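**Student:** According to TrEMBL, the record shows the following:
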type    : residues                                               : note
BINDING : Ser30, Glu50, Leu58, Val94                             : FAD binding site
BINDING : Asn167, Gly168, Asn169, Val170, Arg211, Arg212, Glu223 : NADP(+) binding site
DOMAIN  : 21-229                                                 : domain 'FAD/NAD(P)-binding'
Amino acid sequence: MIRPRIQLGGVSLRRLQSTLKVAIVGSGPSGFYTAHDLLKKPNVQVTMFEKLPTPFGLSRYGVAPDHPEVKNCEETFTEAAENDLFEFVGNVEVGKDVSIEHLQKSFNGVVFAYGCDQGNKLGIKGEDSAGVINAHEFVAWYNGNPNIWNTGAPPLDRVENVVIIGNGNVAMDIARILLMPVEDLEHTDIASHAVSLLKKSTVKNIRIVARRGFVESAFTTKEIRELLQLEQYGVKFDGIDQQIVETLLPLQKKLERVQKRKLTTVLEYMKPASERKGKLKYVVPSDVRKSWSLDYLLSPIEIKSNDKDTSLVSEIVFQKNRLHQDSPEGPVQVQHIPNNYETIKTDLVITSLGFKGSSLNGFEELGIQFDKRRGVIVNDSSRVLDNTNEVIPGLYASGWIKNAKKGPILNALVDSNAVTEAIMKDYEDWQTLDSFELAFGQSHDKHRWKVPRVSDMLEIIEDNSTQDEKLSKFKDQLEAL
């Protein structure tokens, strides 16, 4: 159900004891996997709130358009949405159109699963220049996110050189979208406005820069291989600095399997095609249309604007780094090399440093603890904590807003299981206490005897005695309060 607004007056605040009613804030993978999991349980109703009219969140607006297989999860989400005990309330922003406090009164549990809506910052001079774009905004732009698409298109038709800071899978996606033939994107679900601009793109060179070394690269082998394979379309891989390659060669046999596969793949593509093995030994077009490279051990310290065109930048200054270990088993640390800098000329900078979330209106009033630095709701095993680190009953967190951006969409499936277990365990505990309060009240000619002390509540919940034994055991303790 998509609503232009939500009518609060008609919503019953009565909690049905026979049915567990759960509100989920956010309709991305973490929200839908949690809903799918909960709806497998008996007597559970789920209402999902989404600030956009459309569901699926990251799956719809964060996945590269040439990776449709990643969106197969939407079949599972649709299955959940077709359940008679599921309701989708779109175009309603929690904290604005409906308060969190209202949800607390209307539902047995509220799950925050609204993901991360902003990119991490570099924190350097010049970062706010017009020619600096955050990966979160760029991905949302080419995927047609309503919050981003009309806020200003990137100046792809006026730039030749692009620097991407960060080398995770999102950085690889962005580089691939900018370098691959537009014709290969036209029949995907990429936004039409993005296709129009990509056809006019003048981008010729991309440098993907990281502050750590190759071994610490965050991209997967699949993602880097897809970029490397663009050489079939005249997109040249300029490789990795030879000095860095020489330090990597002795490590090949010592690396873990995943890292070794990445390195082997990259080194193979650095060879001339005629010298490669197997199916990589093919004819590469002699006409180089575009190029890209991987740069390591560089930390950005300043971005300089273009004096002639303020919508672009002119260069970015990096401090050179080295890797250091206190012992062979110790963690690898990045150290700046004093007075050693490198300047890279570029027209556009895209920062891809991971994402973080924002708090919702009402968090502060309700005492919900939010870590602004990490951009997450502070929680203990999915249970939301207040500012004194106590659990707030009935509030839960799932997905990236719980963990910070961590892992692919499938990680949300694992996380949803933990959230569902927490909700069901808490509800079972409440049913135990509820049953006891009603029985104890009836024994004293009352409808219910509310247990006022938390320590007594927990003791009653954890006691495995029969109901009659509990009534006798706690009689004096409760009557003395």
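Glycine is no exception: its Cβ is also placed from the backbone N, Cα and C atoms.
Structural setting of the listed features?
**Tutor:** Every protein chain shown contributes to the tally, and the Cβ of Val94 (FAD binding site) ends up with 24 other Cβ atoms within 10 Å.
In the three-state DSSP scheme, Glu223 (NADP(+) binding site) is classed as helix. Other Cβ atoms within 10 Å of the Cβ of Glu223 (NADP(+) binding site), summed over all protein chains shown, number 23.
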**Student:** Just to verify a number: CA distance, Val170 (NADP(+) binding site) to Leu58 (FAD binding site), in angstrom, no decimals.
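**Tutor:** Pair distance, Cα basis, whole Å: 12 Å.
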**Student:** Counting across all protein chains present, how many other Cβ atoms fall within 10 Å of the Cβ of Asn167 (NADP(+) binding site)?
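**Tutor:** By my count, 25.
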**Student:** What three-state class does DSSP give Val94 (FAD binding site)?
**Tutor:** strand
**Student:** Using a 10 Å cut-off on CB atoms, tell me which of the binding-site residues Ser30, Asn169 is the least crowded.
**Tutor:** Asn169
**Student:** Kindly assign Glu50 (FAD binding site) to one of the three DSSP-derived states: helix, strand or coil.
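**Tutor:** Glu50 (FAD binding site) sits in a strand per DSSP.
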**Student:** Please give the maximum pairwise Cα distance, in Å and rounded to a whole number, for the NADP(+)-binding set Asn167, Gly168, Asn169, Val170, Arg211, Arg212, Glu223.
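**Tutor:** Maximum Cα-Cα distance: 19 Å.
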**Student:** For Leu58 (FAD binding site), what is the secondary structure state per DSSP, taken as helix, strand or coil?
**Tutor:** helix
